[in-house]
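As recorded in TrEMBL:
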type: TRANSMEM; residues: 16-35; note: transmembrane segment
type: TRANSMEM; residues: 77-96; note: transmembrane segment
type: TRANSMEM; residues: 103-121; note: transmembrane segment
type: ACT_SITE; residues: D137; note: active site
type: TRANSMEM; residues: 141-167; note: transmembrane segment
type: ACT_SITE; residues: D151; note: active site
type: COMPBIAS; residues: 177-190; note: compositional bias 'Basic and acidic residues'
type: REGION; residues: 177-201; note: region 'Disordered'
type: COMPBIAS; residues: 191-201; note: compositional bias 'Low complexity'
Amino acid sequence: MTENPAPAERKSSANTARWILICCLAGLAVLAYGLDQLTKFWVTSTMTLGQVTEVWPPVLRWYYITNSGAAFSIGEGYTWIFSIVMTVVSIAIIVLARKVGSVWWAIAMGMVLGGALGNLTDRLFRPPSFGMGHVVDFISVPNFAIFNLADSAVVGGVIVICLLTLIGVPFRGGPRRVGEDARRDADKSTDSAAAAESADD
């Protein structure tokens, strides 16, 4: 009898879709990282520290500064801690990437990864020392902290992740589970766990 090829075809299709999502995540991370590093190179090559260049007054200007803190100059003086946190975040995203099943989750994680690596590169390789480097910031808008493209990518990605969590978009893909459906699935999981424990007894 000829074996039914449908399960194998479905598995192959799922693997292909998963690799497409991984490539989407990686591609967006590379794009965010590349744009961040290119703009920082441009700033450090064409401007002097503290220089201000009006771009679209009074809404936007370039203001070249450096900081030792997190995004938007938060937590200055704790550079090593932020270096470690960004390293852990980057590794976690890389490890989880193979499990992503949603294009929106892939986009969000790619943004966070690219931004985290962008600022981590500054912390590791810019003065004053390895791991203690100051991050280049240059985007200045009224009544807001000065930031860079890496900050924007990280914050944007985190916002998308929060929205996906709130509306119930599964990380591994599939239909949204909200309201009664989510509670019903949770009850089924609890019942299954109880049954498994009873079987072990």
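Positions of Cβ are set from backbone N, Cα and C atoms, glycine also.
No curator has checked TrEMBL annotations; they are predicted automatically.
Note that the structure is a prediction, hence the values are computed from the model and not measured.
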Counting only residues 6 or more past its boundaries, what in the same chain has a CB within less than 8 Å of a CB in the transmembrane segment (16-35)? 93, 97-98, 100-103, 106-107, 109-111, 113-115, 117-118, 121, 149-150, 153
Inside 10 Å of the Cβ of D151 (active site), count up the other Cβ atoms and send me the figure. 23
Other parts of the chain folded back onto the transmembrane segment (103-121), taken as Cβ under 8 Å at six or more residues beyond its ends: 21-22, 24-33, 36-37, 40, 71, 82-83, 86-87, 89-90, 93-94, 96-97, 135, 148-158, 160-161, 164, 169, 171
If I take the alpha carbons of D137 (active site) and D151 (active site), what is the distance between them in whole Å? 9
Around the Cβ of D137 (active site), how many other Cβ atoms lie within 10 Å? Please give the count over every shown protein chain. 25
